[in-house]
Amino acid sequence: MSNFEQFHFDFYQSNYTIDDQEEGCNSYGTNENLSGSPKSQTGEQTPAGAFAPSDMFLSSKSYTGQILQPTSSPDTLSHLGYADGFDEEPPLLEELGINFEHIWQKTLTVLNPMKPADGSIMNETDLTGPIIFCLALGATLLLAGKVHFGYVYGMSAIGCLVMHALLNLMSDLGVSHGCVASVLGYCLLPMVILSSSAVVCSLQGIPGILLALFIIGWCSLSASKIFTSALAMEGQQLLIAYPCALLYGLFALLTVF
């Protein structure tokens, strides 16, 4: 047995002694007494900064703003990308594609068939004017006792599709549906004048038919001039004016009869 005890002490040999264990127990009891003392229970706490991460104290600047009114610096605004605010925001009408200057120029071009058309302005998909003129045509027909809003919109849509197909076959540049609808809608303005005159007097007579033929020629000439200028189709204005005259002749029939 003496050999076994000698082996036992040799195998578990360490520097840890019983005195160290007693000292650890005494220190543990001391800490327990300190933590359980009435002084620690009355509200004496460790400083909050002792356990705070170092990232919270990177900025040494103190807060100088007021409640609901935080302070801001130009560096912060430029960093966030809001330095200019709403100064560089485009106008709302420009975002919607509404340009009153171009609308006025297109209207003057339609009213004066002999005026040269600006192809850069006419080759835009601006539908503000056409919608206004279609509504005006339907309203004047309504004042004359004719409820033809559906016919106006239906013939306008079918006419735009047919003219788009013809112009793409005749032109090398090609044209969009919006451009065709814009030109045909703006050239509907003389037809609004015809329907307005139908409110005042009847057009079912020789003077009314002559006036209707004049308005058809006016609309067709304006539309063909604009298409020729926008699509660079010199020498083909009469070929374009013929289908335009057929389309506007349908609107004239609605107005006269």
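Quick reminder: no glycine exception, Cβ is built from N, Cα and C everywhere.
Here the structure is a predicted model, which means the values were calculated and not measured.
Listed features, source TrEMBL:
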type: REGION; residues: 23-49; note: region 'Disordered'
type: COMPBIAS; residues: 27-45; note: compositional bias 'Polar residues'
type: DOMAIN; residues: 112-253; note: domain 'Yip1'
type: TRANSMEM; residues: 127-144; note: transmembrane segment
type: TRANSMEM; residues: 179-200; note: transmembrane segment
type: TRANSMEM; residues: 206-227; note: transmembrane segment
type: TRANSMEM; residues: 239-256; note: transmembrane segment
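Remote same-chain partners of the transmembrane segment (239-256), defined as residues 6 or more beyond its termini with a Cβ less than 8 Å from a stretch Cβ, comprise 137, 141, 144, 146, 148, 151-152, 155, 159, 162-163, 166-167, 170, 184, 187-188, 191, 194-195, 198, 203-204, 208-209, 212-213, 215-217, 219-221, 223-224, 227-228, 233.
Taken through DSSP, the domain 'Yip1' (112-253) splits into 107 helix, 0 strand, 35 coil.
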